Amino acid sequence: MATNENLPPNVIKQLAKELKNLDETPPEGIKVVVNDDDFSTIYADIDGPAGTPYENGVFRMKLLLSRDFPHSPPKGYFLTKIFHPNVANNGEICVNTLKKDWNPSLGLRHVLIVVRCLLIEPFPESALNELAGKLLLEDYEEYARHARIYTGIHAKPKAKFKSGAISESTTALNVDQTNTSVLNADIKTMPSSAALPPLSSSAALPPLSLPSTTAARGASQDQAVGILTESSANRSTAAAVVSAAHAPQKKEVGTAKAQADKKKLDARKKSLKRL
């Protein structure tokens with residue numbers, strides 16, 4: 001694998017300067033992928049120019065720099081499959097700038113711009129893909145159809161997530177979790193005496209004293225149903241209802257016991273008087 005050690009120090013310095021400039025101010029429709037550990041292979045993503053069969057596609061390419069760069073031109077390859085007269089089946093790019101028209105003073109920016117312009121104006125005279133070159137000359141519509149099919153299949157841009165949608169989903173999830181935590185905390189802190197007994201138990205609720213008339217009985221039943229519904233919706237309210245229902249019963253039991261004790265005491269007093 002080629003590394004920076006295969007390039008002269010002065011070339012590495014010049015490349016580092018060029019790559020920094022390309023990263024800070026990239027050409028239109030071109031994004032360079034920088035690898036600081038290997039300047040001998042330059043990657044770039046090229047956007048398909050508007051109004052061409054390559055529109056809406058993103059094409060990855062690479063430039064291979066030899067040890068005697070910039071005295072010899074780099075070799076260009078498309079890594080993304082593309083139907084183009086000047087691109088071979090293995091991705092090799094044929095353009096005069098990378099061959100007979102090469103000049104050591106030309107920089108990477110110029111080379112990348114020329115490659116993108118090749119997508120706008122192909123040169124069928126120097127075709128590496130004979131079918132694409134022939135169709136371009138004889139039937140442009142058929143050539144464009146082939147190119148669009150390749151673009152749609154191989155050059156689809158990578159999907160990007162919508163950060164706003166993710167944030168909204170995360171917020172909604174956090175709110176649900178918070179509400180659940182609060183509900184669980186309320187249930188845990190509820191006193192054990194407030195727990196509702198099963199409705200099937202005879203001790204669940206005190207017996208209801210219903211009026212004899214049909215109308216009054218229906219009204220009382222409606223009230224009882226309302227109490228049960230409120231108990232299911234709100235445990236705290238139901239607990240209060242149950243506690244309030246049991247309180248008078250306990251009071252009545254205590255009163256009855258006191259009266260029985262009083263009767264016993266009176267009977268004893270009468271017995272003592274007879275003696």
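Positions of Cβ are set from backbone N, Cα and C atoms, glycine also.
Checked against TrEMBL, the range among 91-127, 128-164, 239-275 recorded as region 'Disordered' is 239-275.
DSSP assignment over the domain 'UBC core' (10-156) gives 58 helix, 25 strand, 64 coil.
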